Ligand SMILES: Nc1ncnc2c1ncn2[C@@H]1O[C@H](COP(=O)(O)OP(=O)(O)O)[C@@H](O)[C@H]1O
Ligand SMILES: O=C(O)C1=C[C@@H](OP(=O)(O)O)[C@@H](O)[C@H](O)C1
Ligand SMILES: [Mg+2]
């Protein structure tokens, strides 16, 4: 497939990329935003599972985290180079990689879904089974990862606070934010 130029993508045609810590709601909210805007939705983890025929925990268990990060990087670069107008939810660790931050910030509109540690903690039990990064970690160790990850999420175009909002409310807020940006013909930051 021919690689699209990353320059000069009109604001309205840019992919909308959702970043943030695991469990903040990127997959749930991304799907809702896509429905509300009649756009295609790509969940990068689901895309990897489909492309490689394995569930994410299985990839970690059989091939290790480094391999997962490599295919995560290749998948995201491929999406950024070959898709437009999509809503794209990344995995929470994707922005650890500079190459991913670069390609997303250069070609997409990056929205950071923010959730406080206190609200996130209440959700932890729901998340553990399918998130290998959380396995065999104490709450203090997870909080350390949560705190360390905030620096990588600091690179974004707009931040959306999700505390005390349900997924539908967050999605509605994002849709309004995007429409405002499109009216102004520029990404909101
Ligand atoms: N705003 C929200 N309020 C309450 N629960 C939420 C919210 N967003 C997501 N969830 C729940 O949190 C869990 C993780 O959501 P998910 O979309 O998979 O997060 P992520 O893709 O960021 O890891 C799911 O059980 C989902 O229903
Ligand atoms: O934060 C991480 O390192 C990860 C987050 C997960 O995605 P979600 O953020 O959608 O849970 C998934 O990509 C993988 O388990 C690693
Ligand atoms: Mg997800």
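Just so it is clear, glycine is given a Cβ too, placed from its N, Cα and C backbone atoms.
Record check: TrEMBL places 23, 24, 25, 26, 27, 28 at the ATP site, and the matching candidate among 101, 131, 149 is 131. In the record from TrEMBL, residues 69, 92, 149 bind substrate; the candidate from 45, 125, 172 listed for the same site is 45.
The binding-site residues 23, 92 differ in how many other CB atoms lie within 10 Å of their CB, and the one with the most is 92. Straight-line distance linking the Cα atoms of residue 131 (ATP binding site) and residue 92 (substrate binding site), rounded to a whole number, equals 10 Å. Residues from the binding-site residues list (24, 27, 92) with a C-beta closer than 6 Å to any atom of ligand 3: 27. Note on residue 69 (substrate binding site): other Cβ atoms within 10 Å of its Cβ, all shown chains, come to 16. Filtering 28, 45, 69, 92 by Cβ distance to ligand 2 (under 6 A) retains the following binding-site residues: 45, 92.
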